[in-house]
Amino acid sequence: MEITLGIAMFTVIVLALAVLILFAKSKLVNSGDITIEINDDPGKAINLPAGGKLLGALANKGIFVSSACGGGGSCGQCIVKVTEGGGDILPTELSHISKREAKEGYRLSCQVNVKNSMKIELPEEVFGVKKWECTVISNDNKATFIKELKLQIPEGEEVPFRAGGYIQIEAEPHTVHYKDFDIPKEYHEDWDKFDLWRYTSKVDEHIIRAYSMASYPEEKGIIMLNVRIATPPPRNPDVPPGQMSSYIWSLKEGDKVTISGPFGEFFAKETDNEMVFIGGGAGMAPMRSHIFDQLKRLKSKRKMSFWYGARSKREMFYVEDFDMLQAENDNFVWHVALSDPLPEDDWDGYTGFIHNVLYENYLKNHEAPEDCEYYMCGPPVMNAAVIKMLKDLGVEDENILLDDFGG
């Protein structure tokens, strides 16, 4: 009897808790359809079921907000302005959004829960962003850890990007074995030295990452990227390798790849000021895009120079391209500095870190370095060193333009 009574009471308690949870859920979560009004334009409003995050809700309706980290809350790019609804800002957003911006309604769309109807504001250029399924034309090594991925846009389509812009690449769950990579023997030294062939990248979820374009707008029908593979650092070999870079390095001719874009803000100013481009590693990509666009499409007569840092001659690429541009344009020169030239390089050019080379061989004696515009993209250490050097020369922030996607 006591056992039966105990079971009955336990059942009643469980049922009561279930009813309570369902009641609370009905009050706290809107399970019906909601409306997101955009830019006070009735034609842009979208209706959808409640649930999920704002970033994904917009994407499901064909509105693609930039998110280099794929919605993880780490890149801080997916900022939108929420003027009504959306709830309170979360602590995870405050490292990317200032207190003033938070008061004005700015949020990370990947962190905003879609529970109720809301009103938001988006930049108009967002509505020009599209998705394409592209075909891999080639995926060749340009340096030890850098591949040039060349993609074919679907016939009749065009990615209307500006030089310095970027696209996002998507990848479904996958497993990549580094031993399967197609890498020419000339680049094997470091791969063998650190036994990088032993690594495997296993991804169990859909991922998205952003990459700056190396192509420029006149190169119709294709998208070119310079992708540096994110291998585990030698001092910490147990760190997982980069998910998207590993995936991209595994791509072969004929493979299909989904991209979205265009995005960007690393655009050239429309002035007559001198342009100084500074790059390193995969930061070559937006440098090539900008310089080709200025000299080949715009036929610019602005004075410009390009300063690129590499470890050795093996890590130099697009040399013939920039030599050609220099020969064809009196207003353009380019220089390479090797930080660790090999004996067989027989190198008689600049050596050392690129920020020091730029300063000692040009800016130190420049009559007005503060009047130049500086466009840079490279490893974080390079970027920091260049910015400090420019600040010491009195260059204002408005003349220092940085692309954080390279390196």
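The chain as shown is numbered from 1 upward.
For all residues, glycine too, the Cβ spot is worked out from N, Cα and C.
The [2Fe-2S] cluster binding site feature in Swiss-Prot is assigned to CYS69, CYS75, CYS78, CYS110; the stated evidence is sequence analysis. According to Swiss-Prot, the feature domain '2Fe-2S ferredoxin-type' maps to 32-126, an assignment based on sequence analysis. According to Swiss-Prot, the feature domain 'FAD-binding FR-type' maps to 129-269. Residues or ranges marked as transmembrane segment in Swiss-Prot: 3-23.
Everything Swiss-Prot records as a feature, shown here on the structure.
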| residue | record | DSSP (3 states) |
| --- | --- | --- |
| CYS69 | [2Fe-2S] cluster binding site | coil |
| CYS75 | [2Fe-2S] cluster binding site | coil |
| CYS110 | [2Fe-2S] cluster binding site | coil |
Report task. Might you list, by sequence position, any residue in that chain lying six or more from CYS69 ([2Fe-2S] cluster binding site) with a Cβ less than 8 Å away from its Cβ? Result -> CYS75, GLN77, ILE208, ARG209
Query - Least Cβ-crowded entry, counting other Cβ within 10 Å, from the binding-site residues listed as CYS75, CYS78, CYS110 - result: CYS75
Query raised in the report: What counts of helix, strand and coil residues does DSSP assign across the domain 'FAD-binding FR-type' (129-269)?
Result: 23 helix, 57 strand, 61 coil
Query raised in the report: Which chain neighbours of the [2Fe-2S] cluster site, leaving out CYS69, CYS75, CYS78, CYS110, have a Cβ atom within 8 Å of the mean position of the site's Cβ atoms?
Result: LEU55, SER66, SER67, ALA68, GLY70, GLY71, GLY72, GLY73, SER74, GLY76, GLN77, LEU108
